[in-house]
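Chemist: Shown below is the structure under consideration.
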Amino acid sequence: MKLVRFLMKLAHESVTIELKNGTLVTGTIVGVDVAMNTHLRTVKMTLKNREPVSLDSLSIRGNNIRYIILPDTIPLDTLLVDDEPRKKPTRGGRGRVASARGGRGRGRGRGGPRGRGGFRDISMMLIRFLMKLRNEKVKIELKNGALVEGTVNSVDVTMNFYLSSVSVKLKNQKDPVLVDAVSVRGNSIRCIIFRDNINLDKLMIDDPPQSKKTKATSQVRSQDVTVRSGRGRNSGRGGPPSQYFAKSAGRGGAKS
C-alpha cells in the first residue's frame, strides 16, 4: 500500500507511463485508486510503431503498467514520506481470554481473522466509478488489440461491461463489424477511452452506499431469588441459583 499511497499524491502531475505492450502514454493524472488504476486527462498516446494520438481522457489498468516516468521537478523527498492512517485500537475481541499456565504455553496462533470492510471497501471505488458510466459512449481497447466502441448499458462488480450499438474492430482488420450488443469481460480490458465532454470531476467523487443503522433493543430481566439458610440445595459453586423459599429457623427466621 505504500506505493499506492505515493501514487495517489501525484494528482495534477504530468507523467509518462509505458505499458507492457510498448505503448507510451503521457498525460496529467486525475486520480489513482488502490488497484493502481491511473486516470489521466490531456493524453498523448503513442502505440508501438504508430503515430501518436491525442485524447482528452484515458484510464489505464494498474496491471498493464510497466513503469511510470515522473517529472524532474517533482519533490520526491516530500512525497516519499509515508503518512499511513493510524488504526484505532480495538476495544475487545470476541475470543476467550485464557488463564496463564506454567511451562510452555499454547498461544502460537497465526493471527485472527481479517476484519470486515477495509481493503474490500476501498477497492470498490473503481467499480462504483464505472457504474456511473451508464448510457455513456466509450471506446474499450482489449488486450488482444481489438477496439470496441458502444454505449454502456451496465457494469457489474467484476468490471464486466455490457454494451449496445457496438462497433468492433479486430486487430489487422480494416472494416469494423457492427453488433447490437456485446459483453466484455473485465480481465480482458487494457484501457477505456472516454468521450471528450465527460464530467470526470463529478464522476470521480466516490459516494459509497451507507448502511442503515439498526437499533438493537436488549431487555435484561432480573429475578429475585430467595436463598435457603445454611446448606441448601444447589449451594455449590457450579449449580444454578436456588428457587426455593427459606424455612424459618428459630427466632431469626430466614436469612437472605
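A Cβ is built for glycine as well, from the same backbone N, Cα and C atoms used for every other residue.
When I checked TrEMBL for this same protein, it listed these features:
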COMPBIAS  103-113  compositional bias 'Basic residues'
COMPBIAS  216-226  compositional bias 'Polar residues'
DOMAIN    2-74  domain 'Sm'
DOMAIN    125-198  domain 'Sm'
REGION    83-116  region 'Disordered'
REGION    209-256  region 'Disordered'
Chemist: Can you count helix, strand and coil residues in the domain 'Sm' (125-198) using DSSP?
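Modeler: So the counts come to 10 helix, 38 strand, 26 coil.
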Chemist: Let me know the model's mean pLDDT on the domain 'Sm' (125-198).
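Modeler: It averages 86.
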Chemist: What counts of helix, strand and coil residues does DSSP assign across the domain 'Sm' (2-74)?
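Modeler: Tallying H, G and I as helix, E and B as strand, the rest coil: 10 helix, 38 strand, 25 coil.
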